[in-house]
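The structure appears right after this line, and notes come after that.
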């Protein structure tokens, strides 16, 4: 990877971390959802810098839809969606901070002390990637891919069944 | 250099998600923490694919599976939040203990 790619990789990564941090620091729930959307878009941009074009575009499109829905749910279910009342929705903050800092330190120590092999310089072009991924999904990994599709279907049925009012109420 | 950058960012994102899952009382905010942790896993997979095994598409396939898991987690989570809000008027998890059977 050249210096410009590394610069953009680190830049988008820092943006992702910053927005990820803002998700839990703002008092406005809608702003939280939008911060998570910005974090996911920064991650999608990192995928694009890493030349995974298909996954990068998919990530940005999927997360834009998902976080928009999340923002709607925030407005519906929050006592204070605008965050003007400065309400507190956290508990056990000290153990949470300590544990997450310890996990981050452990992971960073592990990955920085590992002797990673040298990265490969060349990757297939975007067209070749789409072709090869399609072949992979339809041949060797077909069962896993089909399982993912069935799981989505089960989740849709489970979500509809869970959210239904039972017994049905007359209009 | 690129691999440590990607993995460090993923590690920090994972820790941020963990902080959110443990410290938030609202069900939807907890789901946001889970999404951050899954996003960190996806970043690791893409970095390993691009920098170590660019001709092995299993890693890209696993990213698709993780995206599927994110979508179904959101779908079922929102359904639970909807039902919980209907029955109790709140999605605070600290109040979810009232669903517990008496005497347990």
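Including glycine, each Cβ sits where the backbone N, Cα and C put it.
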TrEMBL record, transmembrane segment, of the ranges A:98-116, A:117-135 the matching one is A:98-116
Most Cβ pairs under 8 Å to the transmembrane segment (A:33-50), of A:6-24, A:56-77, A:143-166, goes to A:56-77
